[in-house]
Amino acid sequence: MKLLLILILIINNYNLCLSYECNSNRTYGLKGSSCEINADCLFPEVCFNSVCSKIRTTGESCTKKTDCTLTYDFGDCVNGKCEIIIATGDRCNPKVTSQKCSSSSECKNGICQLISACNSYNCPLNQYCDDKTKQCKPIPNDINSIVCKANSQCPTSHICTSSNKCIIKYSSKVGEKCTDSPLQCRVFNGEICNQETQKCIKNDQYFKQCEDESTCNGGLCVCLDDVNSKSVCVGPNGELNNEKCVNLEQKLEQCLINEKCNTLSPITCKCFKQFECFQYECNSVERFYNYKSNYYQSLNCSRFLTKP
C-alpha cells in the first residue's frame, strides 16, 4: 500500500486545478520569468529566488527546503546546499555528501537501514512493521496466510479488510460492498463507493460539468482546461475512466520492486518516468493541468504504456 499512500500524498499536495481555480487568463512563466510559487512557472521550472529556474539538484545552492524539492522528492537544504533524503531500503553511498538517509536510519552496506524501532511508514516497500519486535519484516508471499491490521501489512496491490484479510484492490463490482475502502470499487471504470449504502455504484456524474464537488457524487471537480474554464467530475482521487490503468499501476508496482525503490524520487528511483506517465494517463490533475502538458508530451510515454 505504500505506492497508494505516495499517490494520494502527491494528489493532495498539488495546487489542484479545481473549479474555483479554473482561470482562462492563467499563464505560466518560462525560464527567467518572475514568480512567487512553483505553480507560477511552466513545469519543470520551479520558482527559485522569485525567478522561474530549473529545479535545484543535489549539491546546488539553496536558501530553504522547498528550493530542493518537487512534491514527490524528499530533499532538504543543509548549510546552503541541497541534499537528497533517502528512504529506508533505498541504495545509498556514504561517500556522497549531498545525500543522507532519512531519520532513524543510516547507510550500511550501500542500503539505508533502520537503527531504531519501525513504524507503519518507515519500512521498505513490501515489508511491514512487526508490532511485537518493532522490526521490519517481509510481507509473506502467501496472501491467504496474512492476518492484517493495516494496509501496510498487505502487498501494494492489496488492502486490509475489517476481517483482517488482504484483498486485491478494485475487486468489487457494482452492487458489491465497499465497507473497508473506496478502493474496493473499480475507480478506473468510473465507479465509486456510495457512502450511504457502502456499495459500489456507477458514478452517473462522471465527466459531467460541475461547479464544485457537491455535485460529483463523491468524486473530485477538476478543471478540464484553462482555455474554456470548464470543470468536470472525475474519480475520488482524480482517477480517469480508463480500464488499462489497473494494469499500468501493476506494472509500476513491479518496477518499484525490481528497482528496489521506496520513494518515487526523480533522483533515486529509475521508475520515476514510468510513474509520471502513469499519472498522466490515469489521473485527471496531471492530464488536464495545462502547466505540465508540454512536459508530458516530451516524455515518450508510449514506451511505458505499451510495455508488456
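Each residue, glycine too, has its Cβ placed from N, Cα and C.
What you are looking at is a predicted structure, and each value in this text was computed from that prediction instead of being measured.
Per Swiss-Prot, the feature signal peptide maps to 1-19.
The feature N-linked glycosylation site is assigned by Swiss-Prot to N25 (among others), with sequence analysis given as support.
According to Swiss-Prot, the feature N-linked glycosylation site maps to N300 (among others). In the three-state DSSP scheme, N300 (N-linked glycosylation site) is classed as coil.
With a cut-off of 8 Å between CB atoms and residues at least 6 apart in sequence, the same chain places nothing near N300 (N-linked glycosylation site).
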